[in-house]
């Protein structure tokens with residue numbers, strides 16, 4: 001029999017110490033990685049519940065195990081809330097990750113050797129959209145589209161490629177693209193060439209739920225997403241689809257890719273979907289965009305750095321560091337030493353290797369969750385530029401660390 005007195009700190013102090021150290025890092029550093037966010041206490045409570053004990057292969061009302069009457073309620077809540085949030089015909093909340101959701105789409109609609117078309121990873125796409133080392137690039141014939149001279153999606157070239165190659169699937173979505181995507185235009189060309197139109201909205205899902213970014217659901221055959229990032233839920237994946245594709249997608253997830261779903265994570269997803277339907281969440285997403293725009297403006301117009309695509313229309317943007325003679329890898333490290341967390345990122349036509357890069361990616365979701373507004377966003381942008389202007393100056397790094405500490409103390413992630 002278990003005892004509530006057997007806390008993690010008591011049972012495994014070594015692991016507890018590592019978790020506490022990570023908690024301090026999250027509180028004491030400004031998080032600007034665009035794919036990261038902080039979840040609510042309610043989301044964590046659901047994910048840490050006894051639902052982790054239950055096996056539930058199958059779907060609500062059709063399980064391969066007994067005793068699923070309560071997890072059926074949990075999963076159906078998540079499904080219904082998700083469909084309502086995005087206006088979808090059908091939804092699957094079981095994918096353990098965005099990558100597995102993407103694999104399910106490929107399994108449902110294509111066979112190895114078929115042609116798929118997605119955005120080039122080198123120009124802002126995602127590795128699961130056809131990167132050569134990923135399953136999507138190894139199993140399928142990949143045609144990649146990219147950006148034009150303005151560093152915006154080259155829709156005309158994309159359409160020409162689609163007509164030439166007639167892919168089985170056309171993918172819209174990105175991991176490092178700051179602008180709005182014209183999903184309606186993608187849908188038109190997909191219909192013209194007879195392709196399944198799939199949108200990966202992982203980065204933009206929270207903005208879409210709040211109405212601040214175009215909703216792909218009315219236009220796409222299938223839409224995938226993670227549940228973290230801007231959606232501010234637990235780490236996991238989801239799939240939205242038109243009614244006629246529900247059976248194919250559900251079969252691809254189970255039994256195609258996964259066995260028993262993680263019902264404790266699905267419960268946490270359900271909480272996040274409920275939170276995302278509130279006015280407070282809409283206000284949050286409005287602030288996310290405002291903060292990103294302020295940082296891009298300050299870094300670009302006031303501090304002389306080049307912003308890829310010239311602006312942001314979302315939560316994220318890329319900074320070209322070549323004028324500072326510093327690589328993305330070096331910038332990530334030195335900013336990290338100043339307690340500002342970013343990630344190195346390739347820029348279009350990057351001369352550096354992918355693990356070095358000429359740029360960094362900056363995102364505003366996590367900093368906005370802790371309460372930062374345009375005032376703090378402007379301060380943070382100047383702190384970033386100060387570090388990039390003098391990456392070897394210990395006094396500058398110490399001063400910036402101090403300023404970061406003051407901001408973090410004023411805006412704790414998890415207050416009382």
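The backbone N, Cα and C atoms fix where each Cβ goes, glycine too.
Under the heading (6S)-5,6,7,8-tetrahydrofolate binding site, Swiss-Prot lists 121, 125, 126, 127, citing sequence analysis as support. If you draw a 10 Å sphere around the CB of residue 126 ((6S)-5,6,7,8-tetrahydrofolate binding site), it holds 24 other CB atoms from the protein chains shown. Under DSSP, residue 126 ((6S)-5,6,7,8-tetrahydrofolate binding site) is assigned to coil, being neither helix nor strand in the three-state scheme.
According to Swiss-Prot, the feature site 'Plays an important role in substrate specificity' maps to 228, an assignment based on sequence analysis. In the three-state DSSP classification, residue 228 (site 'Plays an important role in substrate specificity') falls within coil. Listed in sequence order, 35, 36, 37, 39, 234, 235, 236 are the same-chain residues six or more apart from residue 228 (site 'Plays an important role in substrate specificity') with CB atoms under 8 A from its CB.
All protein chains included, residue 229 (N6-(pyridoxal phosphate)lysine) registers 28 other Cβ atoms within 10 Å of its own Cβ. Taken from Swiss-Prot, the feature N6-(pyridoxal phosphate)lysine applies to 229.
Cβ crowding, taken as the number of other Cβ atoms within 10 Å, peaks at 121 among the binding-site residues 121, 127. Same-chain neighbours of the (6S)-5,6,7,8-tetrahydrofolate site beyond 121, 125, 126, 127, judged by a C-beta within 8 angstroms of the site's C-beta center, are, in sequence order, 118, 119, 120, 124, 128, 129, 130, 131, 134, 174, 175.
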